[in-house]
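Some notes on the structure that comes next.
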Amino acid sequence: MTAIETHVQYSSLMMTTTGEYMTQEDDWERDLLLDPAWEKQQRKTFTAWCNSHLRKAGTQIENIEEDFRNGLKLMLLLEVISGERLPKPDKGKMRFHKIANVNKALDFISSKGVKLISIGAEETSAKEGLLLWCQRKTAPYRNVNVQNFHISWKDGLALCALIHRHRPDLIDYSKLRKDDPVGNLNTAFEVAEKYLDIPKMLDADDIVNTPKPDEKAIMTYVSCFYHAFAGAEQAETAANRICKVLAVNQENEKLMEEYEKLASELLEWIRRTIPWLENRVAEQTMHAMQQKLEDFRDYRRVHKPPKVQEKCQLEINFNTLQTKLRLSNRPAFMPSEGKMVSDIANAWKGLEQVEKGYEEWLLTEIRRLERLDHLAEKFKQKSTLHESWTTGKEELLSQKDYESASLMEIRALMRKHEAFESDLAAHQDRVEQIAAIAQELNELDYYDAATINARCQGICDQWDNLGTLTQKRRESLERVEKLWETIDQLYLEFAKRAAPFNNWMDGAMEDLQDMFIVHSIEEIQSLITAHDQFKATIPEADKERMAIMGIHNEILKIAQTYGIKVVGENPYTVLSPQDISNKWEAVKQLVPMRDQMLQEEVARQQSNERLRRQFAAQANIIGPWIQIKMEEISHVSIDIVGSLEEQMSNLKTYEQNIINYKSNIDTLEGDHQLSQESLIFDNKHTNYTMEHVHVGWEQLLTTIARTINEIENQILTRDAKGISQEQLNEFRASFNHFDRKRNGMMDPDDFRACLISMGYDLGEVEFARIMTLVDPNNTGVVTFQAFIDFMTRETAETDTAEQVTASFKILASDKAYITVEELRRELPPEQAEYCIIRMTKYNVGDAPPGALDYISFSSALYGESDL
């Protein structure tokens with residue numbers, strides 16, 4: 001029933017009762033009148049009610065029977081009540097002018113569908129509604145039991161209770177007494193007139209002294225309280241709704257700012273770190289490269305783990321924010337350009353790729369420098385030996401001693417030259433080895449390659465010169481040989497056998513002093529076997545030495561026998577028996593030294609093997625353990641076991657157990673560092689590397705955190721949307737049934753079959769619309785969280801922009817705009833300032849300065865405008 005209908009129906013009732021002009025010229029049958037006191041009460045009540053409206057127009061009535069007779073104030077009363085303009089009244093004072101004005105008023109009342117005699121069902125319904133409202137409001141108060149609109153109000157407590165329920169600051173209800181009805185009624189009348197703008201329509205003494213007060217009079221007065229308080233309740237409800245919406249918006253904006261800050265800091269750290277990892281400037285020494293490796297380990301142990309946690313927390317915050325936005329019917333959060341979760345994941349992936357490449361480069365460089373150091377030392381050793389051998393050879397080959405020598409001396413010189421050529425040929429391999437080592441040092445980019453190349457070039461040039469000088473001397477000796485025929489065969493034989501033997505000893509000494517690099521027990525065993533084989537040849541070499549020494553002894557014997565004067569030098573060789581003996585003793589001393597070096601290397605390789613086995617034993621346990629835990633976590637989001645809170649509790653316990661396992665990872669990391677410090681680069685006992693374990697561990701922690709976040713979002717969704725645990729279980733069971741691959745996702749065909757099984761009758765257009773909701777990125781799959789969001793959206797009610805707009809309209813008293821004063825009066829300070837800052841100015845029509853547009857603001861809260 002509208003306000004005009006309510007007001008006009010009551011006025012019709014009072015006019016019927018008080019009577020004269022409503023029936024125009026017909027006289028009442030006075031015998032039908034009730035108690036004159038009742039008629040007086042009716043006239044007084046209706047007069048007060050009319051004046052409560054007429055004073056808005058700046059007038060009032062004194063005698064209801066006389067003042068409404070010409071119809072002018074009656075028409076004014078109807079205009080105030082309805083807010084509409086009635087036809088222009090007749091200004092004459094004749095009887096037909098008055099009748100015409102009254103008829104205009106009656107025609108207007110009739111046009112609104114109001115019956116003048118209040119006996120219909122509408123009045124009964126309004127009466128029951130008003131009575132129920134009074135009963136609800138006064139139920140908590142002592143000595144108040146509202147059952148009707150007459151005797152229930154005689155003691156005045158019901159009226160005082162209504163006032164106290166809505167304005168407890170106006171009446172101290174605890175001081176009222178049931179035995180003082182007049183005082184209670186007057187208190188209610190005075191407070192209502194002074195503070196609530198409700199005129200005094202009733203008289204306390206009349207109500208108390210009447211056995212049954214007039215029902216309609218009391219209904220009229222009580223209805224004024226209803227209208228006075230109803231607007232305040234609507235404003236309070238509207239303010240609460242707006243506060244709730246604004247609080248959600250403020251919280252979401254705070255989460256967005258936190259996400260932007262975390263994302264910017266993480267991306268900045270990745271941006272700073274990647275150039276450091278991409279810096280592949282090789283160092284020249286092993287110590288410098290090992291320092292780089294130690295810096296990289298510090299990065300892995302100290303700097304990276306906190307960033308892994310930040311990345312995980314960033315993903316959790318993003319998912320939580322998106323869930324809250326969906327639950328509050330807000331548009332999805334779109335981070336700034338380049339700060340999407342996928343952008344951060346791609347940046348992180350790029351960091352790990354660069355990190356892996358940097359580690360591989362470090363290990364490769366260390367191997368290269370190790371190889372370079374070994375080759376450089378070997379080059380220096382062989383070059384020193386060669387240069388020692390070539391010292392004086394050029395001067396010797398350049399001599400022309402054969403020009404003044406005797407035949408014996410010529411022959412000696414010839415044989416000596418042949419021995420030299422034999423020695424020269426024996427040294428050819430060494431020169432080739434020196435050149436090969438220099439070439440390899442150049443290919444491996446040795447930092448001091450210039451010095452190596454210069455020395456190698458000098459050796460090669462000298463070697464070529466020796467070959468040329470040797471050829472020239474042979475030609476000269478062969479030319480002179482025909483002149484000289486005597487030769488000492490023994491000296492020649494000594495020289496020929498001593499030179500190869502001496503070369504063998506030089507080679508043996510070189511091999512015994514040769515540096516070696518091995519990375520396994522098999523390699524060192526191979527060297528030991530070769531060394532044992534060498535030791536097995538020593539007895540045979542000793543026989544050769546004895547044979548050579550026997551030749552020398554034979555020379556001495558012949559010289560002694562035939563009186564030949566031996567000057568002590570073999571004319572065919574620079575080697576003396578003493579040289580052979582000294583070098584032989586040196587070879588014998590080097591053999592046990594080589595044995596010791598090999599045994600020390602055996603011990604080192606055995607230690608390395610223990611490290612390999614120790615690492616492998618733990619890695620072969622930790623690797624499968626991580627895989628098993630990953631599989632267990634993958635089934636958590638699929639299997640239905642208990643309530644979400646129980647699942648959350650189990651996951652938290654599960655997560656803590658996995659975190660407690662971190663000590664095993666740290667132990668394995670320690671073994672890995674020992675292996676790297678021992679330059680162990682491979683391990684045949686396991687397929688797991690420390691990198692595999694690190695990646696698996698980080699994936700396990702991230703997966704657990706993501707799964708916990710999904711359960712939290714499901715709890716948030718359930719609580720926010722009012723969904724029961726049984727509904728969630730039913731949704732999960734339907735999802736699991738059509739998740740045929742058991743990977744926590746459905747393809748579009750399975751999703752459509754799932755919806756059909758749940759009673760959805762889907763056409764192609766409707767299904768396409770639903771797919772845009774559950775798969776906005778067109779990935780071709782529907783996750784469980786997206787499925788839950790869709791189902792909760794279909795089954796739960798959410799705030800809308802229209803509801804918020806309607807709430808603002810109530811605060812604005814039905815205006816299309818709202819003022820700053822109204823916002824600050826109806827809303828808490830924080831929410832009021834939030835609205836004032838974000839609302840645009842309303843410049844339509846005759847809006848006052850400072851008017852704000854709440855309609856566009858409400859739409860913007862839900863992403864429906866460009867505000």
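The backbone N, Cα and C atoms fix where each Cβ goes, and this holds for glycine too.
The stretch that TrEMBL tags with coiled coil, taken from the ranges 280-307, 588-615, 644-671, is 644-671. Cross-referencing 200-234, 410-444, 480-514, 515-549 with TrEMBL places the feature coiled coil at 410-444. From the options 105-132, 133-160, 245-272, 833-860, the stretch TrEMBL describes as coiled coil is 245-272.
Taking Cβ pairs closer than 8 Å, the domain 'EF-hand' (762-797) reaches residues 323, 326-327, 332, 637, 710, 713-714, 717-718, 720-723, 727-728, 731-732, 735, 739, 744-748, 751-752, 754-756 in its own chain, all 6 or more past its ends.
Along the domain 'Calponin-homology (CH)' (124-230), the predicted structure has mean pLDDT 88.
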